[in-house]
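Comments concern the structure below.
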Amino acid sequence: MDVATRRASQSFAVGPLAKKDGDLQETHKNLVVPPTPLDEGWVKIQRDQEEREAEINKKKQNAITRTLWTLIMIGGFLLCLLLGHGFMIVLVMVCQTLVYREVTALFSLGVSKSEDDENKGKDPWSKTLNWYFFAVTNYFLYGESLIYYFKHVVFADAQLLPFATNHRFISFMLYMFGFVGFVASLQRQYLKSQFGLFCWVHMSLLVIVVSSHFIINNILEGLIWFWLPASLVICNDIFAYLWGITFGRTPLIKLSPKKTVEGFVGAFFSTVIFGLLWGTLFMRFDYMICPAHNLGVTALSSDSCVPNQVFVWREWGLPAPLRIAASTLLGRTVTTLPYATYQFHLLVMSCFASLVAPFGGFFASGFKRAFNIKDFGHSIPGHGGMTDRMDCQFLMGVFTYVYYSSLIREHHVTVGSVLQTIVSGLSLDEQLELFADLKRYLEGRGVAL
């Protein structure tokens, strides 16, 4: 029996003793009992329990959504990988567009509310110019890549030749149109906000679009130079989480309180082992290691190529102590150990992905703290914004391109490079003379033209 019922019973029990209407009214008043501390405590417990259940249900729903979209992203990534270089390039361009949108949208958070209300609707060209500069930057950078990697196409096609020979001038003039448009849109009372947005946009273009340009160059050099570095970053992130929740005790950096030293160290060794195994597996496929000469190539119609020397298997003669130990362990005579130079490069890329690339994520965490936001956006349900997924990938992609172009790329004379020299360095008469000489040479070799 609760407190209210017990008090009501007591009130009705004294009812027969009441002789006057006033006493009956007083007895009726006793039916309305004010809450006691015991009642308030019980209500509070029920409310807390309901809140905990709601929080648990919310976490379960978020986990389901996050898992579902993780599978969707992995499936889409693998599908683009199988469909070829062109689809991978489109995927990178979509990702960079979403990241650019999320980062440039943060500028409005840096403007005070009163100033934002005052400026609202006063600069109608700001968003248009932002995306104009984005389009021009993409035109310049990706045009450079297409001209470099597909010389044999653009310099052999009369319709593409003006684009190839005048690309940089066209890009500069397009940028100048945007610059003039920006200056023409300046208004005296909003100069600080407009110039702040101008600088914000250009820094975003430098960090996002230029980094994406290098990543696309990695794809054109061979899918393995994109697939492997991206896999290393994902692997490191997963193992840092697993080691952190299992053994994590010591905070690593204040910008990311959930990151631990134990998770960082455990992820390093895990990523190195994963990188060696994963890279050794995929370096066996021509589809992964061959540069792109045709954007229509897929996993089912891949072409063969002369592999870069780093992918060629070699034999290392084991010293006597190691030879004896290996022979005893394997139960057969072992005198050499097969290896590929690419495996040493895997060690370098794995170390960078484990020790340096995570600081791209720490940088993004500090950026979000500066704006007091949890995620950059909501482009991916359950994961936040695209920037939250690409922060480390940009850093890793730029490193891979610089490392590859400096230490690994082989420079050979190609048909495209010769054609570029002929088209850009010889006059029309000289080109015809060269063609006649080349024709006589081939006919002398027995080639019918």
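Note that Cβ sites are derived from N, Cα and C of the backbone, with glycine treated the same way.
Annotation comment: TrEMBL describes 68-94 (among others) as transmembrane segment. Using a Cβ-Cβ cut-off under 8 Å and counting only residues 6 or more beyond its ends in the same chain, the transmembrane segment (68-94) has close neighbours at 138, 212, 215-216, 219-220, 223, 226-227, 292, 295-300, 380-383.
The annotation transmembrane segment is assigned in TrEMBL to 129-149 (among others).
Residues annotated as transmembrane segment in TrEMBL: 169-186 (among others). Cβ atoms under 8 Å from those of the transmembrane segment (169-186) belong to residues 123, 125-126, 129, 132-133, 136, 139-140, 143, 163, 194, 198 of the same chain, restricted to positions at least 6 beyond its ends.
The transmembrane segment annotation in TrEMBL covers 195-216 (among others). Using a Cβ-Cβ cut-off under 8 Å and counting only residues 6 or more beyond its ends in the same chain, the transmembrane segment (195-216) has close neighbours at 89, 92-93, 95-96, 99-100, 103-104, 107, 110, 126, 129-130, 133-134, 137-138, 141-142, 144-145, 182, 226, 393-395, 397-398, 400-402.
Same-chain residues lying 6+ beyond the ends of the transmembrane segment (222-243) with a Cβ under 8 Å from its Cβ atoms: 81, 85, 88, 215, 259-260, 262-268, 270-271, 274-275, 278-279, 282-283, 287-292, 308, 346, 349-350, 353-354, 357-358, 361, 392-393, 396-397, 399-401, 404. Taken from TrEMBL, the feature transmembrane segment applies to 222-243 (among others).
Remote same-chain residues near the transmembrane segment (264-285) are listed as 224, 227-228, 231-232, 235-237, 239-240, 242-244, 247, 252, 302, 311, 340, 342-343, 346-347, 349-351, 353-355, 358 (criterion: CB distance under 8 Å, separation of at least six residues from the stretch ends). The feature transmembrane segment is assigned by TrEMBL to 264-285 (among others).
Per TrEMBL, the feature transmembrane segment maps to 342-364 (among others).
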